[in-house]
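Positions annotated as transmembrane segment by TrEMBL: 12-31, 43-67, 79-96, 108-135, 156-176, 182-199, 241-265, 277-297, 309-334, 340-359, 380-400, 420-440.
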Amino acid sequence: MKKELSKSLKRFYGIGDLFFTMMTSVENYFFNFFLTNIVMFDLGIVTFIQTVTTVVDAVLSWTYGAIMNSIKPLKWGRYRSWLILTPWLVPIIYLFKFTKLGNDGIAIAIIIAAGIISSVLWNFAYVANVALISVAASTPQDRVALSTSRGTYNRVAGIIFSYAGLPLATILAAIVGVQFQFAALAFVLGVGMAISYFAHFKMFEGYEVDETTAAPNQIVPKKNKIGFVGTLKALALNRPLLILLIADIARWIVNFVASATAVYYFTYVLKNPGYLATYMIIIGIAAALGAFTCKFVSNKFSARSTTIAYFFLMGGLLIVAKLFHTNFTLVIVLLGLAQYMYGSIYSLMPVLFADTVIYDEWKSGKNSSGWIMGLNNVTLKIAIVFRGIIINSVLAVVGFSAAVDAASVSNEVMSGISNAFLLIPGIILTVGGVLLILGFNLTKEKIAEYSAEIASRS
């Protein structure tokens with residue numbers, strides 16, 4: 001019998017994700033600028049560096065959970081141990097991703113190596129952090145409580161970084177110099193991530209069986225430990241998980257495509273790039289509210305029903321917004337509501353992944369929590385690939401050219417940009433909702449039944 005969630009977990013689980021998100025935002029917002037404007041690499045080298053680091057990250061993304069489930073558990077638990085094993089190394093290595101040492105060849109090698117190694121180190125902790133949701137939670141309400149707390153902190157991180165990221169880098173530039181400002185920022189936020197993940201480590205104390213010191217009847221039998229082949233079987237035989245992965249890719253695509261095309265929309269369709277700042281503030285607040293309040297809705301209707309409903313509602317709001325794509329006020333209102341839905345979806349997705357863990361354990365008798373929960377990281381990487389394909393394809397089809405002044409672009413170009421920003425994401429979400437309603441059949445009643453049967457086997 002698992003112990004109840006502590007007050008610290010209910011209130012503060014996610015503080016590690018807040019610093020993790022701000023730490024990775026240094027890369028998302030400033031890495032390209034660092035390569036082009038500070039190091040002064042040409043675009044060919046910049047593309048090479050980003051391609052190598054991104055591809056390697058994507059290739060490795062599915063392995064972290066599989067490794068955790070396959071190897072002998074470490075001293076403080078199969079997952080919890082990783083919260084203190086790798087995070088402390090991240091800031092030391094991550095800063096070299098924003099540092100030029102030696103000639104161009106040496107600098108490129110160091111930047112690529114630092115990018116790959118730091119990503120590997122933080123991904124182990126990231127996957128373990130998410131996997132612990134299913135370890136600590138005893139009920140669907142517990143899973144929702146942990147997931148929404150984590151989601152809220154994550155959304156708040158975006159708001160904080162949008163205000164404080166560049167000012168903090170400027171302050172650090174006065175101390176270490178402009179050339180090393182982003183390295184210093186990466187280090188400072190990396191240290192914050194390591195400290196806050198240690199806080200998560202303390203919060204989860206007592207929730208995971210320590211297989212190195214536990215009594216014989218508490219240790220998971222070897223026959224029940226999942227190996228590499230078992231991880232593949234867990235995916236192939238888990239139909240709800242396969243459907244969920246596709247839907248998760250869909251929601252990540254929507255997030256990335258909308259984020260990347262927003263600047264085009266406000267510049268070339270509304271003819272006012274200054275609207276972008278207002279848009280970012282509104283959607284940031286709306287998403288944070290959605291992440292926080294969805295627990296009240298999902299506890300009443302279930303995480304599955306709420307997620308499916310919000311997929312359809314968000315998709316519908318985006319499609320309606322396309323019909324009025326030149327009306328700034330109406331579009332912002334609709335997008336604010338849509339991002340409220342997205343914040344909820346972001347928080348509830350880990351709950352659905354945790355449900356597939358229970359289903360898989362009920363079906364196979366083996367626990368593949370780390371690997372399954374870590375697949376959320378894989379869908380993110382896949383969506384990044386589709387982001388580029390969708391955006392570049394749309395811009396190419398409508399004949400977009402950066403050489404054409406914003407005031408002179410054709411209606412076809414404006415319509416195409418609006419499609420990429422609003423219509424296509426709306427359609428993708430609707431398709432994702434259809435897949436979930438048809439293929440993700442793990443209702444809260446079934447999960448309760450499976451959980452009870454698993455408990456009876458112990």
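Cβ atoms here come from the backbone N, Cα and C positions, even for glycine.
Note: TrEMBL annotation is automatic and uncurated.
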Proximity of the transmembrane segment (43-67) to the transmembrane segment (156-176), 3+ C-beta pairs under 8 angstroms: no
The transmembrane segment (79-96) in contact with the transmembrane segment (340-359), cutoff 8 A, at least 3 CB pairs, sep 6+: no
Positions on the same chain near the transmembrane segment (340-359), where near means CB under 8 A and six or more residues out: 130, 133-134, 137, 140, 143-144, 146-148, 150-152, 154-155, 238, 240-241, 244, 248, 251, 254-255, 286-295, 297-298, 303-304, 306-307, 310-311, 313-314, 317, 367-369, 372-373, 375-376, 440, 442, 446-447, 450-451, 454
Chain residues outside the transmembrane segment (108-135) and at least six past its termini with a C-beta under 8 angstroms from it: 16-17, 20, 23-24, 27, 35, 41, 45, 48-49, 52-53, 56-57, 60-61, 64-65, 67-68, 79-83, 85-87, 89-90, 93-97, 99-102, 143, 146-147, 150, 193, 197, 200, 204, 207-208, 350-351, 353-354, 357-358, 369-370, 373-374, 376-377
Annotated stretches the transmembrane segment (309-334) and the transmembrane segment (156-176) touching (3 or more Cβ pairs under 8 Å): no
Which of 156-176, 241-265, 380-400 contacts the transmembrane segment (420-440) most, counting Cβ pairs under 8 Å: 241-265
Long-range Cβ neighbours of the transmembrane segment (241-265) (under 8 Å; 6 or more residues past either end): 234-235, 273, 276, 279-280, 311, 314, 325, 342, 345-346, 349, 352-353, 356, 359-360, 372, 375-376, 378-380, 382-384, 386-387, 390-391, 395, 400, 417-418, 420-422, 424-425, 428-429, 431-433, 435-436, 438-440
